[in-house]
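Here the structure is laid out as structure tokens; the discussion comes afterwards.
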There are 6 protein chains.
Amino acid sequence: MDELTHFDEQGAARMVDVGDKPATRRSALAAGRIRMHPATLARIRQGGADKGDVLGVARIAGIMGAKRTADLIPLCHPLALSRVEIAFAPDLEASAIDCQARVETTAPTGVEMEALCAVQVALLTIYDMCKARDRAMSIEQVRLLEKHGGRSGHWRRPDQA
Amino acid sequence: MDELTHFDEQGAARMVDVGDKPATRRSALAAGRIRMHPATLARIRQGGADKGDVLGVARIAGIMGAKRTADLIPLCHPLALSRVEIAFAPDLEASAIDCQARVETTAPTGVEMEALCAVQVALLTIYDMCKARDRAMSIEQVRLLEKHGGRSGHWRRPDQA
Amino acid sequence: MDELTHFDEQGAARMVDVGDKPATRRSALAAGRIRMHPATLARIRQGGADKGDVLGVARIAGIMGAKRTADLIPLCHPLALSRVEIAFAPDLEASAIDCQARVETTAPTGVEMEALCAVQVALLTIYDMCKARDRAMSIEQVRLLEKHGGRSGHWRRPDQA
Amino acid sequence: MDELTHFDEQGAARMVDVGDKPATRRSALAAGRIRMHPATLARIRQGGADKGDVLGVARIAGIMGAKRTADLIPLCHPLALSRVEIAFAPDLEASAIDCQARVETTAPTGVEMEALCAVQVALLTIYDMCKARDRAMSIEQVRLLEKHGGRSGHWRRPDQA
Amino acid sequence: MDELTHFDEQGAARMVDVGDKPATRRSALAAGRIRMHPATLARIRQGGADKGDVLGVARIAGIMGAKRTADLIPLCHPLALSRVEIAFAPDLEASAIDCQARVETTAPTGVEMEALCAVQVALLTIYDMCKARDRAMSIEQVRLLEKHGGRSGHWRRPDQA
Amino acid sequence: MDELTHFDEQGAARMVDVGDKPATRRSALAAGRIRMHPATLARIRQGGADKGDVLGVARIAGIMGAKRTADLIPLCHPLALSRVEIAFAPDLEASAIDCQARVETTAPTGVEMEALCAVQVALLTIYDMCKARDRAMSIEQVRLLEKHGGRSGHWRRPDQA
């Protein structure tokens with residue numbers, strides 16, 4: 001397959017026709033991380049209802065970000081998501097916070113972009129809330145881990161196996 | 001400074017009060033990259049008006065993404081941006097495309113988040129357009145390179161010096 | 001049932017998984033009112049195509065507000081609404097305008113939030129249009145009156161029976 | 001003043017011309033409450049980082065809601081908000097949660113609608129998160145408490161004095 | 001049929017109830033054109049990846065505009081579009097660029113408005129990009145050419161036959 | 001001037017830098033029309049608070065559309081509009097409704113696009129509300145009539161003089 005499906009034979013961008021594909025159950029799992037100064041990580045981990053829950057805010061932003069995917073990514077199909085979940089885990093050795101997003105739908109096309117969008121918006125929100133302390137944080141390894149459903153079936157990232 | 005300014009003393013999230021800060025000229029430069037299979041990179045580089053201009057679509061998405069920042073990031077102030085520019089460069093050795101976004105405004109607060117958002121949406125759009133060929137692409141090193149203006153003045157990422 | 005379904009067992013917020021629930025016909029009826037100075041109510045009632053149709057504008061705002069529910073309420077599922085209707089009635093004794101919104105869909109989850117959102121945006125629009133005359137108006141009794149469909153079936157507000 | 005400024009002399013709705021008004025500092029404080037079953041209130045008060053922080057989610061929704069005001073209320077002017085803060089307090093006697101929102105800007109027009117929108121979206125989010133337990137909650141007393149700035153100067157709700 | 005279905009018998013606007021209509025395959029083809037100075041047309045036609053691809057940007061804007069239809073048109077039903085394609089063709093004699101948009105969905109109601117919105121946003125984007133050279137451009141003949149599906153079946157614009 | 005300012009010297013699209021331009025008072029007046037069957041025009045003219053006020057709904061949609069311009073048109077700067085007014089007039093001879101939109105701001109760039117967007121959304125809303133009766137309506141002559149302010153000063157459409 002040499003062609004990019006988002007272009008027609010003249011090279012014009014298009015929202016790919018999925019009208020002949022059946023609506024089936026689909027899920028996607030994406031991940032990413034934000035690296036930061038160890039003191040910033042310590043401050044986030046101390047947080048909570050009384051000291052400021054950075055990850056709680058980022059989780060909400062990520063969930064809402066998943067719902068805005070078709071507004072942001074030009075050729076994405078609008079989809080009615082049936083599930084969005086976001087999890088965070090600190091990685092002390094790497095001085096980072098890992099984020100995973102799982103998104104599901106029943107639709108003729110998949111939700112990879114929605115899961116990736118959720119991760120990106122969640123990580124950007126962490127950056128925003130901590131940037132006054134630590135401007136040099138960086139977002140890394142934003143990638144798809146796994147997807148189910150659709151014509152291409154189950155896919156799992158090779159280096160995750 | 002031990003506190004995160006986005007929380008009050010009880011730990012409640014807030015949009016920080018910038019009402020006493022003067023509106024001054026501010027700019028931010030952010031960057032990131034998407035790594036991909038060499039064949040995907042080759043395909044993108046061949047593109048253009050007749051074969052499908054992946055980077056042209058991603059650039060538009062990134063510019064529009066900068067304008068949606070305050071909609072996506074919960075505690076960001078809405079700002080009237082005066083400039084958004086996005087540049088791409090292939091890195092053949094790393095089999096990646098680098099993206100930089102420069103954003104400017106005249107406002108009481110900075111545009112770091114707008115520049116980072118532009119980069120993220122541009123890179124996600126590249127992912128979207130090429131994912132049918134190459135699902136394992138990953139987004140890396142999304143970070144602020146430089147900012148000007150405001151009380152904290154000029155900041156340049158240490159490892160860029 | 002002691003749990004709030006919008007949180008997982010660790011207390012993390014999530015968009016609840018409705019992927020196993022069938023898409024069925026659902027409706028919701030919500031209501032609310034805005035109390036105002038009798039002169040403001042009289043002015044609204046005089047309105048119309050030639051004097052300014054406050055309720056006509058508020059009705060449009062409410063219908064559009066129903067469509068924005070999933071953008072506003074973090075954990076709401078995006079839904080394709082099949083019907084939105086908004087009715088107003090003056091209550092001269094209470095010096096108030098009552099608003100009711102009926103919303104329907106065929107979906108795996110209900111439209112209570114859409115109906116409540118429609119009422120809130122409609123009443124806020126009345127406030128906006130009359131606030132220069134009457135800043136002390138207040139919005140009261142925004143509540144669900146009735147819902148049909150879904151696993152919990154028909155529900156009618158006890159004090160409406 | 002008998003006229004509603006949002007209509008012209010033929011009764012056509014319009015976004016009022018504020019082009020001749022100077023940009024000055026303005027603030028608004030709005031409030032509202034949601035009444036619920038005492039067991040629901042107890043459940044919310046138990047919440048927090050480990051059991052589910054209903055008020056934390058509602059606060060984020062309210063802040064984001066303030067930023068969407070001009071999208072929702074047809075004749076509102078778009079404004080660059082400089083501050084948004086939302087506070088909740090339980091009222092055990094009334095079995096309710098009180099919400100207050102303070103919004104500020106430097107602009108030619110006020111932020112009353114933004115403060116009211118923040119309250120409404122915050123209270124609707126509480127409803128959404130608890131509705132599976134307690135469908136009969138109601139939103140009450142959504143009103144402006146105070147405003148500063150602009151031609152009409154300081155206004156304080158009479159019954160608050 | 002003398003009635004406008006978007007109003008009830010009292011003249012109140014409503015989002016028409018389509019809950020009893022089956023979801024079927026529907027498509028719409030709309031068109032329009034923008035007339036301009038011959039030098040502006042020549043400049044657009046020279047464009048491309050190296051000189052600036054006006055039509056490439058306009059195509060993306062049109063596709064994204066189709067997805068925003070229910071946000072813009074008050075009584076439109078939100079729909080999950082399955083296909084959006086936009087084509088441009090120069091008309092040298094008329095010194096104009098013609099635009100056609102094809103939109104499809106499987107839904108209980110049609111996509112005429114989505115196709116028209118796509119055309120309008122695409123043509124406005126051409127105007128925006130060229131207005132510094134040619135402020136007198138005008139948009140003409142925005143109209144539906146054809147629709148398929150739904151109770152009214154196939155319709156083709158009479159003057160297209 | 002041979003260059004399109006929305007592209008850089010390599011042909012990459014950009015949001016033009018207006019950071020060095022002063023914020024000054026600007027206005028734009030745009031117009032357009034929708035042609036329809038005489039019976040459709042008669043039906044619209046009969047409308048009003050009791051029979052359905054098509055033009056009232058379209059006016060609100062147009063005003064809200066002006067506020068969405070920077071969301072729709074990729075390279076438009078976000079602006080805080082200070083005035084939006086929309087007027088309709090029937091043209092019996094042409095069997096059409098004319099629409100004019102006047103938009104103002106104080107900003108470093110003009111509001112031509114906002115005025116054109118308001119006209120387009122208003123006319124599309126008329127189409128939407130009447131399309132069940134008259135699918136063959138067409139939108140014509142959408143154009144800028146006049147602009148004031150900014151470096152290029154006052155411009156009036158030649159054929160309007």
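Using N, Cα and C of the backbone, Cβ positions are placed for all residues, glycine too.
In TrEMBL this protein carries:
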type	residues	note
ACT_SITE	C:Asp128	active site
BINDING	C:Leu75, C:Cys76, C:His77, C:Met113, C:Glu114	substrate binding site
DOMAIN	C:15-150	domain 'Molybdopterin cofactor biosynthesis C (MoaC)'
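Features recorded in TrEMBL, as mapped to the structure shown.
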residue  : record                 : Cβ neighbours (10 Å)
C:Leu75  : substrate binding site : 23
C:Cys76  : substrate binding site : 24
C:His77  : substrate binding site : 21
C:Met113 : substrate binding site : 27
C:Glu114 : substrate binding site : 26
C:Asp128 : active site            : 24
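Note: the CA-CA distance between C:Glu114 (substrate binding site) and C:Asp128 (active site) rounds to 21 Å. Contact annotation for chain A: of the listed recorded positions (C:Met113, C:Glu114, C:Asp128), none places its CB atom under 8 A from a CB atom of that chain. Checking the recorded positions C:His77, C:Glu114, C:Asp128 against chain D with a Cβ-Cβ cut-off under 8 Å leaves C:Asp128, in sequence order. In this structure, C:Leu75 (substrate binding site) belongs to neither helix nor strand by DSSP; it is coil. Counting in whole angstrom, C:Leu75 (substrate binding site) lies 27 from the residue listed as 'active site' by their C-alpha atoms.
Across C:Leu75, C:Cys76, C:His77, C:Met113, C:Glu114, which the record gives as binding substrate, the greatest C-alpha separation is 13 Å. In this model, the domain 'Molybdopterin cofactor biosynthesis C (MoaC)' (C:15-150) carries an average pLDDT of 95.
Secondary structure from DSSP puts the residue listed as 'active site' in a helix. When the binding-site residues C:Cys76, C:His77, C:Met113 are compared by Cα distance to the residue listed as 'active site', the shortest distance belongs to C:Met113.
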